[in-house]
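Novice: Sharing a structure here in structure tokens format.
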Amino acid sequence: MHTWRFRRPFREPAINRTDRMRDHFSIDHKRTPRRRLSVKAILALDQGTTSSRAILFAHDGSIIGVSQKEFTQHYPKPGWVEHDATEIWTTQLAVARDVLKQHDMDVSDIEAIGITNQRETTLVWDRATGEPIHNAIVWQDRRTASDCDALRNAGHSDCVQKKTGLIIDAYFCATKLRWILDNVAGARERAENGELAFGTIDSWLFWNLTGGKLHATDVTNASRTMLWNIHTGQWDDELLALFKVPKEVLPSVHPSSHIYGETESSLFGKSIPLGGAAGDQQSALFGQNCTQPGMAKNTYGTGCFMLMNIGEEAAASPSRLLTTVACWDGGKREYAYEGSIFIAGAIVQWLRDGLGIIQSSSEVESLAASVDDTDGVYLVPAFAGLGAPHWDAYARGILVGLTRGTTKAHIARAALEGIAFQVADVLDAMRKDSGVAIEELRVDGGAAANDLLMQFQADIIGARVVRPKVIETTAAGAAYVAGLATGFWKDSADIERIWETDRVFEPQMPAEEVARRRRRWAAALERSKQWVEQEASAD
């Protein structure tokens, strides 16, 4: 048992003189401004894994302004990843104030706040004081992997998957929450007495934005806890018993687009309606306007997350994709298939930091474009195992097909193509399980700006790849659900009209060549699988 001690979190961030001079985080609402921007807007709070961001959206969907502030990552032990929840709150409030200050916005012109957040990150705090009893355990944290192994070995996988659409994994909240209750002195007893509150990061922001009046979450975040039944739309008593979680700690669950309450007036000078929330990937699906069954989006970040709208039935995936909740507006329920790829943009960072063949990430496209193809080189970026649809924790990255003629340009191109091949594998699984052809893939994230990658992606999946003008789709989704709740936008058709295309990449590669390359990729992929076990047996 560990006793964790935290200083009492600030309700407002401490601001030093340097911050005031550099970032202007403090807003004086009593002064008479020289100029004030007179436009109605939605404020999206985008709380991510490495930074807190605030983005202002106008009614036409354009971005008025952005503010961002990074926060500290904590790695107390190998495989453990934590965040200071107080720092998350203070940075999020700071950037919200900053973006209003930058653009001289009148708070009364902010129609609503929408929240999107890193999913699965788990936090418990004291209801009376608002103090976290432990650092937030981040979605990347693997400390409960052995607990998950034990649950799978005990035969609980089918029950959990049928109820939640998820596989038993340390990625999700349930075992993280149980770990906190079992390892913080007195936590379990206090939880059972109703003294503690559990939440994902959206819940933590709601709590602080309302001065502790609101303990709530939305359906998309609830669906990632491994405690919420996606069919009944309720916390599941059998799952709560399995993971030893007392019901007293749980937040209320609401549709993504919903008036949750309003902010404390002291935070921004006036109260602002809290119009919605959604986990980051579901928010991006909505931000990409994928509101009809069969529509899919892929986010290219450190990894890739592909979601496909599958409509009103929470169909199980024979290919072991996740079945998750899409944004709900209080009317019909919608679901999505999700496929996670662990390493995507991170492979470019490895080319830079690990191999040193590029000086900056932006160089990879021009280097890769300097050769016509990879000259038979394939790179399987299984540095952290393989995600969907392979789910092989023992796979490792491999680089095959090397000759004396191989250059760094061939390796750079193979790295980009390795991202696209992984996406194609997930898309194939979605096509197979849904029976939908999927003729268009909407894309966002940093690597979506890489034209070479996007063209190869279109070629290898045999479908259009569509890049939107506004690539801040995660924040846009949060803005949309909040704006729909308050009537800022009338309906989803209103939002569809403002969604605009930047560029469409049409498949150009002959089908025979696509088939040949995918056969070679599949051969390379097989060689990467179960590598750790093979290495162990060889020793």
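Cβ atoms are placed via backbone N, Cα and C, with glycine included.
According to Swiss-Prot, the ATP binding site annotation covers THR49, THR50, SER51, THR302, GLY345, GLN349, GLY446, on the basis of sequence analysis. Marked as sn-glycerol 3-phosphate binding site by Swiss-Prot on the basis of sequence analysis: THR49, ARG119, GLU120, TYR171, ASP280. What Swiss-Prot records for THR49, ARG53, THR302, GLY345, GLY446, ASN450 is ADP binding site. Per Swiss-Prot, glycerol binding site is recorded for ARG119, GLU120, TYR171, ASP280, GLN281.
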Novice: Can you tell me the three-state DSSP label for ASP280 (sn-glycerol 3-phosphate binding site)?
Specialist: helix
Novice: Tell me the Cα distance separating ARG119 (sn-glycerol 3-phosphate binding site) from THR302 (ATP binding site), rounded to the nearest angstrom.
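Specialist: Counting only the Cα atoms, the answer is 15 Å.
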Novice: If you compare CA-to-CA distances from GLN349 (ATP binding site) to each of the binding-site residues ARG119, GLN281, ASN450, which comes out shortest?
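Specialist: Among ARG119, GLN281, ASN450, ASN450.
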Novice: So, in DSSP terms, is GLN349 (ATP binding site) helix, strand, or coil?
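Specialist: Looking at the DSSP assignment, GLN349 (ATP binding site) belongs to a helix.
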Novice: Compile a sequence-ordered list of residues in the same chain as THR49 (ATP binding site), six or more apart from it, whose Cβ lies below 8 A from its Cβ; state 'none' when nothing qualifies.
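Specialist: Set apart from THR49 (ATP binding site) by at least 6 residues yet with Cβ under 8 Å, we have GLN118, THR121, VAL138, TRP139, GLN140.
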Novice: Looking at ATP and its recorded binding residues THR49, THR50, SER51, THR302, GLY345, GLN349, GLY446, figure out the farthest C-alpha pair and report it in angstrom, whole number.
Specialist: 18
Novice: Give the number of CB atoms, excluding that of SER51 (ATP binding site) itself, located within 10 Å of its CB.
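Specialist: The Cβ of SER51 (ATP binding site) has 14 Cβ neighbours within 10 Å.
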Novice: Roughly how many Å lie between the Cα atoms of ASP280 (sn-glycerol 3-phosphate binding site) and GLY345 (ATP binding site), rounded to a whole value?
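Specialist: Checking the Cα atoms of ASP280 (sn-glycerol 3-phosphate binding site) and GLY345 (ATP binding site) gives a distance of 17 Å.
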Novice: Here are the binding-site residues: THR50, GLN281, THR302. Which has the lowest count of other Cβ atoms within 10 Å?
Specialist: THR50
Novice: Cα distance, GLY345 (ATP binding site) to TYR171 (sn-glycerol 3-phosphate binding site), nearest Å?
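Specialist: About 20 Å separates the two Cα atoms.
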Novice: In whole Å, how far does the CA atom of ARG119 (sn-glycerol 3-phosphate binding site) lie from that of THR50 (ATP binding site)?
Specialist: 13
Novice: Among ARG53, ARG119, all listed as binding-site residues, which has the most CB atoms within 10 Å of its CB?
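Specialist: The largest 10 Å Cβ neighbour count belongs to ARG119.
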Novice: Indicate whether ARG53 (ADP binding site) is helix, strand or coil by DSSP.
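Specialist: Its secondary structure by DSSP: strand.
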Novice: Measure from the Cβ of ASP280 (sn-glycerol 3-phosphate binding site) and count the other Cβ atoms within 10 Å, all protein chains considered.
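Specialist: Excluding its own Cβ, ASP280 (sn-glycerol 3-phosphate binding site) sees 27 Cβ atoms within 10 Å.
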